[in-house]
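Colleague: Checked Swiss-Prot, it gives:
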ACT_SITE  D430  active site, 4-aspartylphosphate intermediate
BINDING   D865, D869  Mg(2+) binding site
TOPO_DOM  1-73  topological domain 'Cytoplasmic'
TOPO_DOM  123-305  topological domain 'Cytoplasmic'
TOPO_DOM  383-920  topological domain 'Cytoplasmic'
TOPO_DOM  975-1004  topological domain 'Cytoplasmic'
TOPO_DOM  1064-1069  topological domain 'Cytoplasmic'
TOPO_DOM  1133-1202  topological domain 'Cytoplasmic'
TRANSMEM  74-95  transmembrane segment
TRANSMEM  100-122  transmembrane segment
TRANSMEM  306-327  transmembrane segment
TRANSMEM  365-382  transmembrane segment
TRANSMEM  921-940  transmembrane segment
TRANSMEM  955-974  transmembrane segment
TRANSMEM  1005-1027  transmembrane segment
TRANSMEM  1041-1063  transmembrane segment
TRANSMEM  1070-1090  transmembrane segment
TRANSMEM  1108-1132  transmembrane segment
Amino acid sequence: MAGPSRRRRRLHLSKIYSYTCGKSSFQEDHSNIGGPGFSRVVYCNEPGSPAAERRNYAGNYVRSTKYTVASFFPKSLFEQFRRVANFYFLVTGILSLTDLSPYGAVSALLPLALVISATMVKEGIEDWRRKQQDIEVNNRKVKVHDGNGIFRQEEWRNLRVGDIVRVEKDEFFPADLLLLSSSYEDSVCYVETMNLDGETNLKVKQGLEATSSLLNQDSDFKDFRGVVRCEDPNVNLYVFVGTLALEEERFPLSIQQILLRDSKLRNTEYVYGAVVFTGHDTKVIQNSTDPPSKRSRIERTMDKIIYLMFGLVFLMSFVGSIIFGVETREDKVKNGRTERWYLKPDDADIFFDPERAPMAAIYHFFTATMLYSYFIPISLYVSIEIVKVLQSIFINRDIHMYYEETDKPAQARTSNLNEELGMVDTILSDKTGTLTCNSMEFIKCSIAGKAYGRGITEVERAMAVRSGGSPLVNEDLDVVVDQSGPKVKGFNFEDERVMNGNWVRQPEAAVLQKFFRLLAVCHTAIPETDEESGNVSYEAESPDEAAFVVAAREFGFEFFNRTQNGISFRELDLVSGEKVERVYRLLNVLEFNSTRKRMSVIVRDDDGKLLLLSKGADNVMFERLAKNGRQFEAKTQEHVNQYADAGLRTLVLAYREVDENEYIEFNKSFNEAKASVSEDREALIDEITDKMERDLILLGATAVEDKLQNGVPECIDKLAQAGIKIWVLTGDKMETAINIGFASSLLRQEMKQIIINLETPQIKSLEKSGGKDEIELASRESVVMQLQEGKALLAASGASSEAFALIIDGKSLTYALEDEIKKMFLDLATSCASVICCRSSPKQKALVTRLVKSGTGKTTLAIGDGANDVGMLQEADIGVGISGVEGMQAVMSSDIAIAQFRYLERLLLVHGHWCYSRIASMICYFFYKNITFGVTVFLYEAYTSFSGQPAYNDWFLSLFNVFFSSLPVIALGVFDQDVSARFCYKFPLLYQEGVQNILFSWKRIIGWMFNGFISALAIFFLCKESLKHQLFDPDGKTAGREILGGTMYTCVVWVVNLQMALSISYFTWVQHIVIWGSIAFWYIFLMIYGAMTPSFSTDAYMVFLEALAPAPSYWLTTLFVMIFALIPYFVYKSVQMRFFPKYHQMIQWIRYEGHSNDPEFVEMVRQRSIRPTTVGYTARRAASVRRSARFHDQIYKDLVGV
């Protein structure tokens, strides 16, 4: 144990500091505590006291498994039999135990048992893995106070509410803890929350001064007692309301004192904490809700096909039972027996009694439903699950979607939506971190009305290209750019006027100094000094913030240390010209949030002056300037607009001196608001800070570049050529979003922009003088009018409506999404080539996604990288998360994760198309083979006067779907490629086969079913007629049921497998093995099964070796049936490919006929793949060609005088 003196000698003050006061006062009403939602009471260090035990809080054992040992079988069986097909086979299996069954119970129940068992084994394995993870977590060890001043190792699962624990460096917190003290004197600790929100930057927590001063070592806890009264368990990770009672005093608690389970202690030797929430009451577990259940369109269509097949089965059973009942009633009795005596088993009179014909018909109905159950593909669901899992593995292991820089491959987090990737109609994309890198670089700034920095952004280059000029250069700049030295991450600034200390020679040096000081002081970054090199790096809450601190350092204002109440930095002194160290006392941090759109700090400089330093969005900051602080406003606004035009992210910087009395009053109100435990505490804090952040003096503005990711314009171009619509939903300013649209080729020069915003003079006037209701009414009317004008403009343009782009801001979007207006908005948006929604909130992103999904009825894909994109990702049919620098929340909420936007091209055009094509073909073929098999059963049943006698042996029936036809279908679903990846890129319109659902339309489904019916007719009638007069016995006996059934079954196995071989576009050795292996296995099985004793093999005893194999007619019949059964497919395919080829078939001809290197032939086909769209650089080049042609036409007309 370390005593307090030793601890203070070793670690006097932390290098990691909190920005809220550790000493809290309690002067606010706390009536919520003890009321609804705030009823939790924690007896610290007394978990076993009677008062604590009466509370009966949850233990710390966490179970993430779906099943327990006791519930596995009943619960998993219930899950399986919720599927209609499985329930149907269960019912038929139960009926097979009765006299109604046409076959043995074992052969009826075995296939169902195999399918159910396979799925249950899969469920069991997945749940066992979860169980192992639970065991590993629950058995972790942590030091727990035993009540006598000693901490002993204890497993996490045994923790109780009120326990005192000691967590050491790099350990995870075992529960939600109240931070009591740490190894640092100021009771702060550094916490990594990647497991909670995915963010990699470290968070700072600080205990109360009241506990940190009392609890310095293990022995101090022997007599420690305290009572926490706080909120009940909830999902809010960022808010905690409670109080701590120590002796006679109470202290307010906030999230700043709470250490959440599954976060990790970093850069701190140890902390002491009291357990507040355990197990499933912890915030991380409260947040671990299941993502929304998503099902693909193909799956939903498949369910309808299953219901159709059920209807067909019941219809056939009904018709057959009616016919059977009529024939039974008319069956005459002669000489003590009926005319159809040969149909009646000895012990089954009731089924064939002419006196009880209606009852016989009813019994036959149940027999027929069992007999025709083979129309329903019992193994379809499990086969599709296997295929989708294997497809997901291929996606995960695709080296072309692996991002080496961050070591991140693609990750299919769910396999349910693979085929949906090939059906996407609209992509809704975030901008920052998705289209751009979210790696900010300080590139320009405006100080005292003068622009600095001459770096050229990607957007400016795109603007120059589209205007036909040279890259934009600021006319005010006449400087020499110093290109020496290595490039600094986060800093891409070029301007010698302010670099290398030259700023001191500028006329506005005093303003420049204040500007750079603000960059060095107004932030929440943490400096970390490398002990070997002495270099300082920064841990910041956002890439923007890190870029500002790095920029300040490069300008000569190096922030190098932070204490609990101070910020230290080095700067060049204006008077002496030497580097000096300055320490500003940090008094308050007014934190940034999306509502305030600004952050400020209140500091006392080394001259004793109180300063408020603030930075924020231009629309928020300009309205807060004092009358005497607007000296550079017009010029700064102009520069901000220019920066936005260049696609840069801007912030405005301002400051003011604060009067001592004003600060005292503010600080009192501010601390009281922070100490409040009322529900409106955050609103109260915002109100108080709003009053302080007024009458500011403008210094200038910053501009940072978030560059487009590599390959974004090319990816967007290819997706546009595939016919996919792309919407951008961003929180950025309209000007920034528009110019990113140009840089990414979403927009181009000739595209007409329909801009909808509320920047009209009327609205601005009302915002200054009108009431809230009046503003809302005028705003709504303005949005409606602008939407109507946009629709009229589109209507007037006629067929060229794709040349329009819709751009709408967040305020207008609020009204456009209202129930009465949203259809008008959607109609306009879907008629435009590009849509950009600016200043969008996370909720608006989700609502727009929902509107597009429900309004168009087509597949939507949302892609984003931040926590603000989670709602959008979960609302879309497919959510794609970018594993970028904003953390992992988007990835954790997504269906598929990729590292770069450009990988979306391969994910959709290649994997999406392949998965769609494979699954569609697989399901169609499944129903084809089952109809082929089932119709032969029905025809034989009709041929035998609906006697209920099956055409095939029991085991033949049972094993058809399991062993003789399923593996080739699975191989098709995993390996087939109708078109190679190279041709998917070359002919992007191929993707429209999925969007238009060409390969799984009802026309194609019915066509495959009809093909199965034709195959069954050929098999049954050819087999029946060819064997009718054939002898299969030395005694002269003709073919019986076992001979006809064996021959028909052989033909079915050959036909369905050869049909599969004909349907495959891309053969692999696996497909050869499973197709020819399935056929060979039938003969092997027939020989082995037929060689078994007659009691087991029944009528199949020696049928192959003694009857079928020696008979030439068996082999000739099989050959001719195969040919005649497949001829209709050959004829159809030939006519269809000759006169009505699908697009993938045209591309296949290019490959098969050797035209892939014939430029003219390829260009002819490729032209069909290029849609007349204005999105993408291909469209831009085409427009350039058209402009050039018009230009030359005009010159020609001028020359000839036309």
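Glycine too: its Cβ is placed from the backbone N, Cα and C atoms.
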Colleague: Work out the three-state DSSP category of D869 (Mg(2+) binding site).
Modeller: helix
Colleague: Looking only at C-alpha atoms, tell me how far D430 (active site, 4-aspartylphosphate intermediate) is from D869 (Mg(2+) binding site), rounded to the nearest Å.
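Modeller: Counting only the Cα atoms, the answer is 7 Å.
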Colleague: Hey, of the recorded positions listed (D430, D869), which one tops the CB count within 10 A?
Modeller: D869
Colleague: What are the DSSP helix, strand and coil residue counts for the topological domain 'Cytoplasmic' (975-1004)?
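Modeller: Tallying H, G and I as helix, E and B as strand, the rest coil: 21 helix, 0 strand, 9 coil.
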Colleague: Around the Cβ of D865 (Mg(2+) binding site), how many other Cβ atoms lie within 10 Å? Please give the count over every shown protein chain.
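Modeller: Its Cβ shell of radius 10 Å holds 32 other Cβ atoms.
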Colleague: For the topological domain 'Cytoplasmic' (1064-1069), jot down how many residues DSSP puts in helix, in strand and in coil.
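Modeller: For the topological domain 'Cytoplasmic' (1064-1069), the helix, strand and coil counts are 1 helix, 0 strand, 5 coil.
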Colleague: So what's the average pLDDT for the topological domain 'Cytoplasmic' (1-73)?
Modeller: 65
Colleague: Looking only at residues six or more beyond either end of the transmembrane segment (365-382), which have a C-beta under 8 A from one in the stretch?
Modeller: 83, 85-86, 88-89, 92, 95-96, 100-103, 108, 111-112, 115, 118-119, 302, 306, 309-310, 312-314, 316-318, 320-321, 923, 926-927, 929-931, 933-934, 937-938, 941, 946, 948, 950, 957, 960-962, 966
Colleague: Are there residues at least 6 beyond the ends of the transmembrane segment (955-974) whose Cβ is under 8 Å from a Cβ of it, and what are they?
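Modeller: For the transmembrane segment (955-974), the list is 103, 107-108, 110-111, 114-115, 374, 377-379, 383-384, 386-387, 390-391, 394, 918-919, 921-922, 925-926, 929-930, 933, 937, 1045, 1049, 1052-1053, 1056-1057, 1060-1061, 1063-1064, 1068, 1070-1071, 1074-1075, 1077-1078, 1081-1082, 1085, 1089, 1100.
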Colleague: Quick one: do the transmembrane segment (921-940) and the transmembrane segment (1070-1090) reach 3+ CB pairs under 8 Å, ignoring pairs fewer than 6 apart in sequence?
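Modeller: Per Cβ check, the transmembrane segment (921-940) does not touch the transmembrane segment (1070-1090).
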Colleague: Checking distant contacts: for the transmembrane segment (1108-1132), what same-chain residues at least six beyond its ends satisfy Cβ-Cβ under 8 A?
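Modeller: Answer is 1011, 1014-1015, 1018-1019, 1022-1023, 1026-1027, 1030, 1032, 1043, 1046-1047, 1050-1051, 1054-1055, 1058-1059, 1062, 1086.
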Colleague: Secondary structure at D430 (active site, 4-aspartylphosphate intermediate) (DSSP, helix/strand/coil)?
Modeller: coil
Colleague: In terms of Cβ proximity under 8 Å, which residues at least six beyond the ends of the topological domain 'Cytoplasmic' (1064-1069) contact it?
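Modeller: That would be 971-972, 975-980, 1148.
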Colleague: So what's near the transmembrane segment (1005-1027) in sequence-distant terms, Cβ-Cβ under 8 Å and 6+ beyond its ends?
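Modeller: Result: 301, 305, 924-925, 927-936, 939-940, 943, 1038-1039, 1043-1044, 1047-1048, 1051-1052, 1055-1056, 1059, 1113, 1116-1117, 1120-1121, 1124-1126, 1128-1129, 1132.
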Colleague: So what's near the topological domain 'Cytoplasmic' (975-1004) in sequence-distant terms, Cβ-Cβ under 8 Å and 6+ beyond its ends?
Modeller: 297-298, 301, 419, 422-425, 718-719, 721-724, 858-859, 905-906, 908-910, 912-914, 916-921, 923-924, 1064-1066, 1068, 1070-1071, 1142-1144, 1147-1148, 1150-1151, 1156, 1162, 1165-1166, 1168-1171
